Amino acid sequence: MNFAAALRWWRLSLPIADELEESLIWKLTDLGLCRLAVQHAPENSERTLLAWLPSSEWSESDRDQLMANLRPLAEPFGLKLANPTWCEVADEDWSLNWKQDWQPDPVGQRLLILPAWLDLPQEYADRFVVRLDPGSAFGTGSHPSTRLCLEALERNPPLGLRVADLGCGSGVLGFAALAFGARQVLAADTDCQAVCASRANTELNQLDLDRLRVVHGSVEALSAQLEGQTVDLLLCNILAPVIEVLAPSFDQLLSANGRGLLSGLLVKQAPRLQMVLEALGWRVNCLTEQGCWGLLDVSKR
């Protein structure tokens, strides 16, 4: 008997605004749910978050409690979560749900995020191409916080620099940094699935594994890889409260003249984060905004 095929799941379908994607995925992952997908096209702001929960483990009251845990995440954006749709389904290939809607995604003037299973469209032949198959790690380049980082890399290319990518997800920021001239990228993520996805995408982009080295962990793991050396640029696209916790250890990674691109924060969270960073001896050079999301460009004083 094929026990995997016999499994049944509650499939959650939840329409969401793009501002909520990152926070909801973070929360669901933190709750131990890893069968997740987001359906959307790059040109369409309408998105549907999908999650699969083992039906034998999730009663109606458990599912109601899950939604109660998710609803507060919409409040900082002045939004309310839509009503969820629950459907009991047989085992299905959940990882393919988002693939059917993902198309080639031009970013800025020079970069193209290309799904691994699609051919390069001729109209984008002059762009730097980053091929991605995120698997179960999120980071397709479509989220505003990711795009802020990608566009910042294009505006100020990291030519010849050594780069650290903290919270790398699918590896998209590291691949873009290399495309724009970085010498080497050291990447880390606390999610094992993200580490696996980044390593697989390194091979997909035909890169030497030493040019983009991926480790499991956080600042300490990157510091160990550096063996007493430092990087010139830190990319950190994670939620603002996490940046605040990690910020005191950024000195372990960055050189005296190093810069950081800190994204994943709401614009209204920027003043508090700026205050925290300045108290630690950092200078905030500028805040770039895209919708309600922001990116802080920081350097040492």
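Every residue gets a Cβ built from N, Cα and C, even glycine.
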Could you look at Gly160, Gly167, Gly171, Gly174 and say which one Swiss-Prot places alongside Thr146, Asp189, Asn237 in the S-adenosyl-L-methionine site? Gly167
Just report the maximum Cα pair distance in Å for the recorded S-adenosyl-L-methionine binders Thr146, Gly167, Asp189, Asn237, no decimals. 15
Proximal but sequence-remote residues of the same chain as Gly167 (S-adenosyl-L-methionine binding site) (Cβ under 8 Å, at least 6 apart): Ala188, Asp189, Thr190, Cys236, Asn237, Ile238, Val242, Gly264
